[in-house]
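Q: Residues or ranges marked as Mg(2+) binding site in Swiss-Prot (evidence: sequence analysis): D76, D78, D80. The Zn(2+) binding site annotation in Swiss-Prot covers C77, C94, C101 and rests on sequence analysis.
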Amino acid sequence: MNWLDEINWNADGLVPAIAQDHKTGRVLMMAWMNREALQLTAQENRAIYWSRSRGKLWRKGEESGHVQQLHELRLDCDADVIILMVEQIGGIACHTGRESCFYRVFENGAWKVVEPVLKDPHAIYAEHKHE
């Protein structure tokens, strides 16, 4: 059996993929992968996701420079969630310019921002458009 056949893909042919810092275990982001994205991730040793909004492969860092170098892939007990242990190049995983996409905490009935913006996202994406 092909290793990709062991995954319980959802009805859309996708599986949730959680990126974690390979040293600290901190959750950086969650995205989706289709079969091709997961296969390419394993081949290229970098995170490649499926963009549902754009309907195409999304090589993390292709626009921002914030590539996720793959250290390890893990599959959960139900074979329906992938974890990518990664090195986050540039220290920014979120398109908002933060280290993690999980920068809000629920406090007193509201979501509170608890993580700083490390770099203005307009500056991040403008830099890489001119390269």
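Heads up, residue numbers simply count up from 1 along the chain you see.
Backbone N, Cα and C atoms are what each Cβ position is placed from, and that goes for glycine too.
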Q: Under DSSP, is D76 (Mg(2+) binding site) helix, strand or coil?
A: coil
Q: Would you mind listing, in sequence order, the residues at least six apart from D80 (Mg(2+) binding site) in the same chain with a Cβ closer than 8 Å to its Cβ?
A: I7, N8, N10, V15, P16
Q: State the count of C-beta atoms found within 10 angstroms of the C-beta of D78 (Mg(2+) binding site), not counting that atom itself.
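A: D78 (Mg(2+) binding site): 7 neighbouring Cβ atoms within 10 Å.
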Q: List, in sequence order, the same-chain residues at least six positions removed whose CB sits under 8 Å from that of C101 (Zn(2+) binding site)?
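A: L28, M29, M30, A93, C94 - these are the non-local Cβ neighbours of C101 (Zn(2+) binding site), listed in sequence order.
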Q: Neighbour count first, Cβ atoms within 10 Å, every protein chain included; then name which of C77, C94 tops the list of binding-site residues.
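A: The residue with the most neighbouring Cβ atoms within 10 Å is C94.
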